[in-house]
Amino acid sequence: MDGSTWVDDEWTDRNEEKLDENIKVKKRIDEDGRRTVLAERKQQLQMPCMAASVVISIVWLIVAVVLPAKTAVFLREPQQTPTTTTTVASTATVSTVVAVLSSSDVAVATFDPATQTQFTATKTPSKRAINFGQTDEQIDEVNKYLHKIQELEAKLHLEQQTEVKSKKLSLEVINTFTDDLTRNLETSRNLFIKITMFVMSKGLKRQLEDFGRRQNADVVNPDEQGRFFEGDIVLDVEQAKEIYESVAKHGRRVKRKFIGSELRRWNPRKPIAYSFDGSHTSREQRVIELALEHWHNITCLDFERFDDEPIGNRIVFTDVDGCASNVGRHPLGEPQYVSLAPECIRLGVIAHEVAHALGFWHEQSRPDRDNYVTVRWENIDKDSKGQFLKEQAIDVDTGSVPYDYGSIMHYRSKAFARYDDLFTLNTNIPDYQKTIGQRDQLSFNDIRLMNVIYCSDVCPRKLPCQRGGYTDPRRCDRCRCPDGFIGQLCEHVMPGYGADCGGRVQVTPHWSRISSPNYPGEFREGQECSWLLTAPRGQRVQFQFYGEFEMYCKVRHSLCMDYVEIRNSTDFANTGMRYCCFGTPKSAIISATEDMLVLFRSFYRGGKGFQAQVRSIPASGKTASSILNEFKSEYSQISH
């Protein structure tokens with residue numbers, strides 16, 4: 001028996017049962033009870049009508065809300081009754097608005113201080129409006145530039161955008177189904193099944209899946225999931241105009257790793273005021289303050305909390321729309337709002353957004369990025385290709401800090417991808433692929449750049465720091481050292497944490513072994529080891545993994561959580577190649593100098609870990625492939 005026959009029989013049986021019920025009802029009707037029975041019948045008739053109404057609402061929800069994924073979240077002229085909220089804005093007579101930017105859409109939230117109301121389509125009354133000090137006219141001007149930027153980027157892009165097919169069902173089809181539902185209340189369930197099948201048959205199933213995937217998109221880096229410029233940056237008129245003029249003139253954006261305008265920099269000689277607008281719980285506030293405390297401890301910047309009305313320059317933490325912030329201090333002396341939704345309440349993500357508020361742009365937009373990463377334009381979502389245009393070399397302020405794969409401001413490998421399994425950024429050296437996109441901690445170069453910009457004149461005397469360190473603005477008598485080194489001048493190797501491991505190792509032409517704690521048993525969460533491998537003068541260090549390998553990673557995101565990191569460049573301040581996941585890495589790694597730094601970090605969980613062999617080799621002569629073949633031969637002899 002096929003499905004349709006079964007459904008028809010089922011509804012026939014139900015109709016027969018209803019007929020029997022009607023006969024029984026008729027027999028017990030009398031003159032005294034007629035009104036009661038009629039009321040019961042009326043209620044019974046209303047129930048299928050209500051069911052049909054629910055079905056119709058669901059259909060309209062799918063067609064009018066879910067499918068048009070590019071529908072603006074905030075509406076300037078809403079049709080529904082406004083929701084009441086507590087004001088955090090000034091008593092100005094004009095409405096304050098904030099432009100929410102993606103590469104193809106602009107959504108606007110409006111707040112009216114006169115009526116103390118916020119007009120939104122989806123936010124609850126507990127959410128407060130963001131006031132970026134912009135009038136309606138300024139917002140319109142920003143939107144104008146943004147639309148111009150979109151038009152220019154569409155023309156400049158090598159890959160022409162394909163024609164987008166309509167995602168909406170025709171109104172006539174919906175009306176037809178609605179009429180059928182009205183005439184056939186008894187078969188509303190069956191019709192709903194047919195509607196669902198119709199939707200899927202028209203190719204909308206994939207659209208629904210795409211929408212669901214984006215809504216639940218990986219929250220490893222929630223700051224990349226927003227509808228703003230580059231995911232989490234809110235622009236003002238000046239910034240939008242600057243970017244537009246840059247695209248028009250150079251075919252790319254002109255921005256700095258750090259914002260160059262003195263007007264947008266905070267005064268490092270005064271505490272930076274901050275406050276909360278009531279959107280966060282006490283626990284969330286504590287996590288946010290821990291992130292601020294971290295920035296305080298590693299720079300010369302101080303932060304001071306105020307619980308009064310947010311007036312004047314200050315950072316105000318709110319929860320309005322994901323993870324978002326302006327870049328730099330507000331030039332008009334208004335509060336600088338940082339939006340942190342629940343998924344953003346993680347130390348690394350908060351530090352990332354605060355970095356925007358202090359003046360940082362994203363790392364992968366630097367003018368020299370093509371020397372380090374390759375953008376896979378064909379894998380980027382069609383509405384997000386503008387997020388990967390790089391800066392012009394003119395007027396760039398990088399503080400002489402080199403490109404940093406490990407920056408907390410760097411996109412991950414699959415940011416803005418059309419599908420979850422596609423890479424949008426490939427590192428030019430493949431072994432750096434799992435390094436980019438981390439949101440666990442500020443990199444050494446992130447901290448160094450912030451100190452170069454804000455704290456360069458704090459200490460009267462610069463110390464002769466080693467290993468890429470620099471004078472600590474918090475303690476001018478000591479150096480701030482790269483990960484793996486300690487001491488007044490960074491002259492010592494960091495001792496093991498939670499295990500007796502690491503230290504300085506003098507390598508020789510003969511293989512020697514290093515490994516994670518308790519190998520081949522499992523290491524424990526939180527253990528750390530640092531090795532400084534040193535070859536004889538004029539020689540290099542060769543490093544090769546062997547045996548079982550296991551370090552926790554996010555395979556889906558190609559991102560290391562726990563890792564073995566190898567720094568083999570001439571500057572140990574630069575983040576190195578990180579190895580994680582499963583399967584023994586095959587690379588034969590040769591140091592660029594006589595030294596190589598190896599870091600073992602287990603932040604999240606225990607596991608098998610790693611082991612490796614190291615030795616010294618001549619500075620030139622052998623290729624990596626010949627060294628690898630030689631190692632395989634020797635390892636085979638050792639194994640037997």
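Cβ from N, Cα, C; glycine included.
As written in TrEMBL, here are the features:
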type	residues	note
TRANSMEM	49-69	transmembrane segment
COILED	135-162	coiled coil
DOMAIN	257-456	domain 'Peptidase M12A'
BINDING	HIS352, HIS356, HIS362	Zn(2+) binding site
DOMAIN	501-617	domain 'CUB'
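Note: the domain 'CUB' (501-617) comprises 3 helix, 58 strand, 56 coil (DSSP; helix = H, G, I, strand = E, B).
For HIS356 (Zn(2+) binding site), the number of other Cβ atoms no farther than 10 Å from its own Cβ, over all displayed protein chains, is 25. Mean pLDDT, taken over the domain 'CUB' (501-617), works out to 95 on the 0 to 100 scale. Look at HIS352 (Zn(2+) binding site): DSSP puts it in a helix. For HIS362 (Zn(2+) binding site), the number of other Cβ atoms no farther than 10 Å from its own Cβ, over all displayed protein chains, is 27.
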